[in-house]
Each structure stands twice: as structure tokens, then as C-alpha cells.
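K.L.:
From TrEMBL, for reference:
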type	residues	note
DOMAIN	18-151	domain 'DUF4395'
TRANSMEM	25-44	transmembrane segment
TRANSMEM	50-74	transmembrane segment
TRANSMEM	95-114	transmembrane segment
TRANSMEM	126-149	transmembrane segment
Amino acid sequence: MSTTTRTAETSVGTRTRIDPRGPRFAATLTTVLLAVALVLAPSAATITLLAVQTVVFAIGAFLGIQHTPYAWLFKTLVRPRLGRPAELEDAAPPRFAQAVGLGFAVVALAGYVAGVDLLGAVATGFALAAAFLNAAFGFCLGCEVYLLLQRARPARTTP
């Protein structure tokens, strides 16, 4: 593991911190993939593309966004050409966003497989909109929902 990778992904206590440009890069790839899937819908290609994206979301949700194929592409092809990030971010909000994306991708996939194309298109469209917001503007909708849920949780009290 190179030093640049170590500085881009570290653990502090139980929290993993990541380069914030990685999830934005992943959102760009997700945006392209979902847009192509929507344009080709309904077709076998749409189902294949959604299945691929569903797997990527599942890896991000269950193993962490830093373990997805998109993260590997970022670390291998993009990150070495960039300077150090100004700061690292907590991996938990993007991981939650991956879980939300997984939910929409599963619904979209189920819709297209079941022949309910409108359901597939709407769910794909919602996932596409969220990915586009992150890719184009750096606004992670799932991350914001995560932070709102964290604020709404009652504070822990230690005995």
C-alpha cells in the first residue's frame, strides 16, 4: 500500500475517513451508468446495467464505499494524479448513501424484471437524480439524510 493511499483512507477509532473526491468520482460513474440504463429502458441492457450498479451499491453499503470497484478505479487511475485532499471525511454518510442507492436500485431492477417499467424508470430516475447532485454539485443527498437522522437520534448517556 502506498503512502498516498494511506493518507486518502485512514481509520480514527472505529471511524474510517476517506478522500471526499472518491465518492464524487463514483457518483459520476453511477450517473453515467444510470443515465444509459434509463435511455436504453426497457431492455436486457437496462437490467444488466442496473444489476451491475446494484452490486456496486451493495458492496458500498455492506463493506464500505472504499471497497467498491469505483473506489479502486479512483485510487488507481485518478488519485495518483491529484494532490492530497484538503481534508478527509467520515465514510459513514457515503456508506449510508450507498444503502439508499441500493434500495432504489433493487426496486428499479425488480420493476424492470417484473415488467412494471414505470416503477423501474421512476426508481432509476430517483437514483440518477441523487447521483447527479453529488457528481455535478458535490451535494450528497443520502449523506444529508444520514446527518439529519444522526441529529434526530437521542444523545447517548453514559452511566
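For all residues, glycine too, the Cβ spot is worked out from N, Cα and C.
TrEMBL annotations: computationally assigned, not manually curated.
Describe the structural surroundings of these features, if you would.
P.N.:
Per-residue pLDDT, averaged along the domain 'DUF4395' (18-151), amounts to 98 for this model.
Beyond the transmembrane segment (50-74), the same-chain residues lying 6 or more positions past its ends with a Cβ under 8 Å from any Cβ of the stretch are 9, 16, 18-19, 21-23, 25-26, 29-30, 33-34, 37, 91, 94-95, 98-99, 101-102, 105-106, 108-109, 112, 120, 124, 127.
If one looks beyond the transmembrane segment (95-114) by at least 6 residues along the same chain, the residues whose Cβ comes under 8 Å of a Cβ in the stretch are 23, 30, 41-42, 46-47, 50-51, 53-54, 57-58, 60-61, 64-65, 68, 120-124, 126-127, 130-131, 134, 140-143, 145-146.
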